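Single-structure report; data block below.
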Amino acid sequence: STMRERKMTDPLHSSTDLSEGQEKLRLKQEVGLISGVSLIAGTMIGSGIFMSPEWVLHHMGNPASSLLIWAACGLLAMFGALSYAELGTIIKESGGEYIYILRIFGSFPAFLFAYTSVILVRPAGLAAVCLSFAEYAIAPFYPGCSSPQVAIKCTAAACILILTIINCLNVRLATSVMNVFTAAKLLALLVIVVGGLVLLAKGQTQSFQNGFQGTTAGIGAVGVAFYQGLWSYDGWNNLNYVTEELKKPEVTLPRALMIAIPLVTCLYVLVNVSYLAAMTPSELLCSGAVAVTWGDRVLGSWAWLISLSVALSTFGSSNGTFFSGGRVCYIAAREGHMPDILSMAHVRCLTPSPALLFTSAMSLIMIISGSFTSIVNFFSFMAWLFYGMTISGLLYLKIKKPELPRSYKVPIIIPIIVLMAAVYLVLAPIIDQPQIEILYIVMFIFSGIIFYFPLVRFKYHPRFLQRVTLHLQLLLEVAPTTRVAN
């Protein structure tokens, strides 16, 4: 059948044990504390800190309040991550929000999440990161002026196609690319932080005088500023997608979060201070690529190093986003919520090539039809809608099922704060500046009903879908992988 409940394993993270002539595939628990910190910080530090500062400043109106937004975003990400840590010690399964919604609220809302995530949210995140990569990759070719949108979009599309090839051909190559490029992003941020401290020591503090003058008071503008800031922190929940692969998840999960997120928050605030030390607020707002402008002001003839470092950083981040993009798809297919073909692996490369190809196609469509800031706002609205649902599930478990075993407990006030923030982030832009696009997003989420009831609830599988699956298997050279129960 095209959709059915099957027991599978992810070929990317499986080990093979032979026992009595029978092959057993199971997830390996090999992610320790250092790897966990690296996974969170490496995913969070991507394109946002190089693209979002001008938009946060634009919506807040002045430097001091924009710095407060960056710090508040880090605190909110920390609270959300700690709430997810308790969920991860109660429900010790990979899959993040999808598996939590499935186990707490049931099949229907979990399907709506998977349907929305696989088709829109994940591809939107990848498209935004690739657009920022393109912005910095071609900026040196257009000095003193903005890069043409056609050139930016073509470069972003080429980035996605290269990532597709890398991830479909070899898993080890994809992970090696991410490790190498993580070093580039850390180097770029450290150079910017040190340069900013030198400028402040020389007395360049004009941007911080009367720092709160002209602060924006509208709830919608503040909400959109949070969207842009929180985009830079996206990835705080990534460790929950690999819970089954953590060594001692009850210990590793909360500890990794408590190290990684404060570290990234401090880096982000210091980088923004450095930007404002090198540029006036008006100059920062006019910059199409903030880090490149900073490099021109501070490094002079060596400014090309910043463009190169940021391009490498965002490419590595997009590779990480692409690499993990098929996980929800795989888990959903394992639970019978997605087509079989999206959970299959290439018979020789052992990569989830159908899921990767699908994500690639959807990301290309979003690059053609959207800009960086519009995609980020759209992504953030949908993400925080489901974050709020997941956090409400944690509150339900804390109140109604306190007897469930959990090795880590977060104070109940923390998930309450996160839920209130999620409600604000979802409703504020709607109340302040209602846009027809929000209605389209909500309509798309509930359009999943059309597919859920016939294909999942009543298990109706037209014959032509079975034939399509078979032909795609032959064309893509893919097959399902089975997991034998221990």
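Please read every residue number as a count from 1 along the shown chain.
Yeah, the Cβs are placed from backbone N, Cα and C, and that goes for glycine too.
Per TrEMBL, compositional bias 'Basic and acidic residues' is recorded for 1-10.
For 1-21, the entry in TrEMBL reads region 'Disordered'.
Per TrEMBL, the feature transmembrane segment maps to 31-52 (among others). Here the transmembrane segment (31-52) has long-range neighbours at 77, 81, 128-129, 132-133, 135-136, 178, 182, 185-186, 189, 228-229, 231-236, 238-239, 242, 245-247, 252-253, 255-257, 259-261, 263-264, 267-268, 271, 289-291, 310, 313-314, 316-318, 320-321, 324, 372, 376, meaning same-chain residues at least 6 beyond its ends whose C-beta is under 8 angstroms from one of its own.
According to TrEMBL, the transmembrane segment annotation covers 64-85 (among others).
Annotation source TrEMBL lists transmembrane segment at 97-118 (among others).
Per TrEMBL, the feature transmembrane segment maps to 154-174 (among others). Outside the transmembrane segment (154-174), and at least 6 residues removed from its termini, the chain residues within Cβ reach (under 8 Å) are 12, 126-127, 130-131, 133-134, 137-138, 315, 318-319, 322-323, 346, 349-351, 353, 356-357, 360, 363-364, 367-368.
As annotated by TrEMBL, transmembrane segment applies to 180-201 (among others).
Taken from TrEMBL, the feature transmembrane segment applies to 256-278 (among others). Same-chain residues lying 6+ beyond the ends of the transmembrane segment (256-278) with a Cβ under 8 Å from its Cβ atoms: 33, 36-37, 39-41, 44-45, 49, 53, 63, 66-67, 70-71, 73-75, 77-78, 81-82, 85, 189, 192-193, 195-197, 199-200, 204-205, 207-208, 232-233, 236, 239, 284, 290-291, 293-294, 297-298.
Long-range contacts of the transmembrane segment (298-317) within the same chain: residues 42-43, 45-47, 50, 129-130, 132-133, 136-137, 139-140, 159, 177-178, 180-182, 184-185, 187-188, 191-192, 195, 199, 278, 289, 291-292, each at least 6 residues beyond the stretch ends and with a Cβ under 8 Å from a Cβ of the stretch. Residues or ranges marked as transmembrane segment in TrEMBL: 298-317 (among others).
Per TrEMBL, transmembrane segment is recorded for 354-372 (among others).
Same-chain residues lying 6 or more positions outside the transmembrane segment (378-397) and placing a CB less than 8 Å from one of its CB atoms are 80, 83-84, 86-87, 90, 97, 100-101, 104-105, 109, 113, 116-117, 120-121, 124-125, 128, 226-228, 230-231, 234, 237, 370, 404, 412, 415-416, 418-419, 422-423, 425-426, 429, 437-438, 441, 445. Under the heading transmembrane segment, TrEMBL lists 378-397 (among others).
The transmembrane segment annotation in TrEMBL covers 409-431 (among others).
Look at TrEMBL and you will find 437-456 (among others) tagged as transmembrane segment.
Using a Cβ-Cβ cut-off under 8 Å and counting only residues 6 or more beyond its ends in the same chain, the transmembrane segment (97-118) has close neighbours at 87, 91, 237, 240, 328-329, 331-332, 335, 337-338, 342, 358-359, 382, 386-387, 389-390, 393-394, 396-397, 444-446, 448, 451-452, 456-457. Most Cβ pairs under 8 A with the transmembrane segment (409-431) among the ranges 64-85, 180-201, 437-456 are made by 64-85. Sequence-remote contacts of a segment are chain residues at least 6 beyond its ends whose Cβ falls under 8 Å from one of its Cβ atoms, and for the transmembrane segment (180-201) they are 38, 42, 45-46, 49, 267, 270-271, 273-275, 277-278, 291, 294, 298-299, 305-306, 309-310, 312-317, 319.
Residues 2-3, 107-108, 111-112, 115-116, 120, 336-337, 378, 381-382, 385, 429-430 of the same chain sit 6 or more residues outside the transmembrane segment (437-456) yet have a Cβ under 8 Å from a Cβ within it.
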